[in-house]
């Protein structure tokens, strides 16, 4: 074991990147790097990047600039870039940023210790090659366990859908599913370390196992994971609406450990726009899935994604998106102005929507979503909810956790409750959380 040094990882983008950052920390621990939340203390800084939108990509270059002068005042300091921008740019990043030491793509996490050792010797390296599926299967690093009540578990990587606006297949590669036995073993190991809730991760979890002969379907995997003794809750993300199967919907009715929340990105409420996006479903088909999920799990909470200003989007198309939102009543929504990405099919479509109109549509959509989110939060006030207590809140004098429907609840209670299921009465709503009081008498919680 070498002398301890400090690692700071800054994460951009999706939950898959959050999970990858946890794996980065685990891989580098054996190289003598301990995690720190302070970049000024770090001997190695890694930016784990996102390239889904141009704005996210530009932000990376801005953050790299912050570290330009660090080496002159800190001997041995190293700077690295991983994730989707690294996969997309590769060697060009080293050429554009002379003070950058190492670059590693989405298929190269397993090489990170070797790349860091090379950087410590003064060798600048970029490793962004895709690797074959058989090799990838054997190189899925598990997320390390350092306490915590919840944990991400990767079940698959990549995407074969090629939505016309999306760069993910080009930077994450084609779909590949982990062996179900490996996933279940990782869940069992996590529970033995004190984990009570797992979130199953993939770019399109609904495709899990479909291309692997003899493997479980995603619904079958959920049912097997639910059999793990000591596990309280199961979540998953992200789902492609076209691949939501009747078997998966049945899990919401028949598997009590599966939480009553689903992230179901619609992207648009207009059939014309959905067709140009190559989403593979219609508005009516999406709503059929929503209603089937509601029938299976009354009270299920929906979150999603919406894109405004896609090339050719008319005001009528936009109003179709607004009306879809009003039908679904999302608990929360990630919404963005369309951003053309290199290599994607939509990048070649002539953009007919002005920047001013795109911003106007985004503002109107987000105003509506904030109203619906507030209404949803208010509906919880006065109810009793079961909360998986995850830890001490940012305020320090309260605990926090999540209800089945994925809303954060803060409440005053003894820290001995961390890691348990607590019954809480919701007393107040806020924009991004709920406030509650611990229940001392017996009663029915949702």
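Keep in mind that glycine also has a Cβ here, set from the backbone N, Cα and C atoms.
Per Swiss-Prot, these features apply:
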- 14, 50, 84: [4Fe-4S] cluster 1 binding site (BINDING)
- 159, 163, 166: [4Fe-4S] cluster 2 binding site (BINDING)
- 5-121: domain 'MTTase N-terminal' (DOMAIN)
- 145-375: domain 'Radical SAM core' (DOMAIN)
- 378-440: domain 'TRAM' (DOMAIN)
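Features per Swiss-Prot, on structure.
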{"residue": "14", "record": "[4Fe-4S] cluster 1 binding site", "DSSP class": "coil"}
{"residue": "50", "record": "[4Fe-4S] cluster 1 binding site", "DSSP class": "coil"}
{"residue": "84", "record": "[4Fe-4S] cluster 1 binding site", "DSSP class": "helix"}
{"residue": "159", "record": "[4Fe-4S] cluster 2 binding site", "DSSP class": "coil"}
{"residue": "166", "record": "[4Fe-4S] cluster 2 binding site", "DSSP class": "coil"}
Distance from residue 163 ([4Fe-4S] cluster 2 binding site) back to residue 84 ([4Fe-4S] cluster 1 binding site), taken between C-alpha atoms, in Å: 17
Additional residues around [4Fe-4S] cluster 1, ordered along the sequence, whose Cβ is within 8 Å of the centroid of 14, 50, 84: 12, 13, 16, 17, 49, 51, 52, 56, 83, 171
Tally of residues which DSSP labels helix, strand or coil - the domain 'MTTase N-terminal' (5-121): 57 helix, 24 strand, 36 coil
Rounded to the nearest Å - Cα separation of residue 50 ([4Fe-4S] cluster 1 binding site) and residue 163 ([4Fe-4S] cluster 2 binding site): 17
Rounded Cα-Cα span from residue 14 ([4Fe-4S] cluster 1 binding site) to residue 166 ([4Fe-4S] cluster 2 binding site), Å: 14
Rounded Cα-Cα span from residue 14 ([4Fe-4S] cluster 1 binding site) to residue 163 ([4Fe-4S] cluster 2 binding site), Å: 17
The domain 'TRAM' (378-440) - residue tally per DSSP class, helix then strand then coil: 6 helix, 33 strand, 24 coil
Extra residues within 8 Å (Cβ to Cβ centroid of 159, 163, 166), [4Fe-4S] cluster 2: 161, 162, 165, 167, 168, 169, 203
Residue with minimal Cβ packing [other Cβ atoms within 10 Å] among the binding-site residues 84, 163: 163
C-alpha spacing of residue 14 ([4Fe-4S] cluster 1 binding site) relative to residue 159 ([4Fe-4S] cluster 2 binding site), in angstrom: 14
Fewest-neighbour residue among binding-site residues, criterion Cβ within 10 Å, set 14, 159, 166: 14
